[in-house]
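Colleague: Sharing a structure below in C-alpha cells format, with a few things to ask.
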C-alpha cells in the first residue's frame, strides 16, 4: 500500500540503496577507499582511541577501515551499512575475525541501546546525505533534517565522555553548523589532513572530533544557531564555485 509507494522515493533520496547493492554485488568485498586508507589519518585518529573502546563504524561500505582498526589492536568494532549485499560480502570476507561485527542498518535509526559505544566513526558516509545539495551556503531543510536525525542517533548511542569522529571533504564553514548543535551534548574541534606533498594531486580533508559531555565553544554554538535561521533577504550572492568542484568530488569518492 502507501508504504511501498513511498519507499522508492525515500531510498532514492538517501543514496539509492539499489545502486549500492548492485555495486557491492559486482565488486564483492574488494577494498575501496573513498578518502584514502587508515594510514593517512592515523596520526590524528589514534590519540582519540583507546584499545578497549567499543567502536561503531557508520556506513562501512567495502572499506578495509574496520579490519585495519581491528589489526591495530582495537578488538571491538561493529560496522553497519544499509546495503545487505555489502554486509554479506564483508561478513564473508572477514569471517576469520570474530571480533568484527557486521549489521545491516540505517544510520538514521540505529538499533543499539543508549550509550552502547565509546567511539562512533564515519568516513565519507555523511557526505552522501549532502550529495544532492546544489548550494552549500543554503542547505535544504530536507538535508539538514536528515543530518540532524543521524547525528541525534550518534549522540544517543555514545557514552558520556565518548567521541564521534567524522572524516570528510566537507569544509568547517559548511559542516560545523550541522555538528555544533547543543542538542547533541558534545564539544567540537577539527583538524585538516592532506597529502602534505603540496603537489597538484594534493587534496585536503578534515577530521572532526565531537566529545560527548563537553561544552561547545561559543563561536561554534553561534554557527550552529545560524543553521536554522532563514538567510537574510538582502544577502549578496556568494561567488560561483569553480566548475570542477563536483567533478573532483565525484572522482574523489569514486562514484
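Cβ coordinates come from backbone N, Cα and C, glycine included.
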Colleague: Out of 196-221, 222-247, let me know the one TrEMBL marks region 'Disordered'.
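Modeller: Going through 196-221, 222-247 one by one, TrEMBL flags 222-247 as region 'Disordered'.
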Colleague: In the domain 'Methyltransferase type 11' (57-165), how many residues does DSSP call helix, how many strand, and how many coil?
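Modeller: The domain 'Methyltransferase type 11' (57-165) comes out at 39 helix, 27 strand, 43 coil.
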